[in-house]
Ligand code: MRU
């Protein structure tokens, strides 16, 4: 895991991403030279996951700063970028952080963005180490069997990962038996991306339909659920990939720890509770078709929220690089 490529980086004057739409079929990078290309990549989920979106926001602001002499034009691009996806707070946080250096010129904006990238990987390592310690305390069984949802690995961050960061730490310490990875309907971040990362790292794993997670818990196949986050309110409510809330209910029913891991950039200090989090709704075709093939009658109405909010009372701990968060 030490020498792997970053999910998003600045290479020769442009943003380079690992193309997550192509995985697992093809591992390739894509070069993005304009803010519009980056916004399109964010909307298509070619780059995705809250911490990686923080990097995208900061690097995209650097692209804008190099593209325009007029600060108002840079700010307009930055605003469009920050709104490309609404739920993960890291995107607008990354934009604001880089934009704050605009007065010092484009090189300063880029320097801030690059500092944010370095920090992301370091903070994810720390947060996931803290979460691994806590899980070892809460779960007596060895080796551990974890269940995760969506992809909160290196692909969802600049590097290392959050929930999967816990997996890397536990595996290195010899405390991991296996990971159950929810496939994560409808866009299959679990089956396509988490399974790809786990296979690459040689971690024993199985992919299961989201609907089978509660049954796996009932059969005693899970010691702890560990997930990432897209936005955390100060009371400890957590927005994450759709299906997380249901998992938390099932974990509570079976008396299993439910642990959320995220860098502190995912905590929204202005948000009192999860109630007012804007939940992205995505296109009906993500539900009515699979790989372009219709699976519902033409014209079927759809409810397709990309995220849900898990109330703090169902969460054992939200762990950042600072340790478990106190609501
Ligand atoms: O729609 P996505 O794939 O961007 O959703 C990602 C998630 O929900 C992740 O769990 C979250 O961003 C945490 S990633 C460390």
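Positions of Cβ are set from backbone N, Cα and C atoms, glycine also.
Any TrEMBL annotation is an automated prediction that lacks curation.
Copied over from TrEMBL:
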BINDING   48, 49, 50, 85, 189, 240, 241  substrate binding site
COILED    110-137  coiled coil
SITE      150  site 'Transition state stabilizer'
ACT_SITE  230  active site, proton donor
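Taking the features listed in TrEMBL, we show where each one sits on the structure.
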| residue | record | DSSP class |
| --- | --- | --- |
| 48 | substrate binding site | coil |
| 85 | substrate binding site | coil |
| 150 | site 'Transition state stabilizer' | coil |
| 189 | substrate binding site | helix |
| 230 | active site, proton donor | coil |
| 240 | substrate binding site | strand |
Where ligand 1 binds, which of the recorded positions 48, 50, 85, 230, 240 are close by, with Cβ under 6 Å?
48, 50, 230, 240
Does anything in the same chain, at least 6 positions from residue 85 (substrate binding site), have a Cβ under 8 Å from its Cβ, and if so what?
42, 43, 53, 91, 280
Residues near the substrate site, 48, 49, 50, 85, 189, 240, 241 excluded, by Cβ within 8 Å of the Cβ center?
53, 88, 150, 151, 152, 156, 228, 230, 306, 307
At the level of the C-alpha atoms, what whole-angstrom distance separates residue 50 (substrate binding site) and the residue listed as 'active site, proton donor'?
5
Spatial neighbours of residue 49 (substrate binding site) that are distant in sequence (at least 6 apart) but have CB under 8 A:
7, 88, 151, 152, 155, 156, 157, 228
Could you tell me the C-alpha distance between residue 48 (substrate binding site) and residue 150 (site 'Transition state stabilizer') in angstrom, no decimals?
11
Within its own chain, what residues at least 6 apart in sequence put their Cβ under 8 Å from the Cβ of residue 241 (substrate binding site), listed in sequence order?
149, 150, 184, 189, 227, 230, 306, 307, 308
Taking residues 48, 49, 50, 85, 189, 240, 241, which bind substrate in the record, the widest Cα spacing (Å, whole number):
17
Tell me which residues of the chain lie with their Cβ under 8 angstroms from that of residue 240 (substrate binding site), as long as they are six or more apart in sequence?
149, 150, 227, 228, 229, 230, 260, 307, 308, 310
Per-residue pLDDT averaged over the coiled coil (110-137) comes to what?
98
By a 10 A CB contact count over all chains shown, which of the recorded positions listed here is most packed: 50, 150, 230?
230
Report, as a single number, how many Cβ atoms besides its own are within 10 Å of the Cβ of residue 189 (substrate binding site).
27
Tell me the Cβ neighbour count for residue 48 (substrate binding site), meaning other Cβ atoms within 10 Å of its Cβ, over all protein chains shown.
26
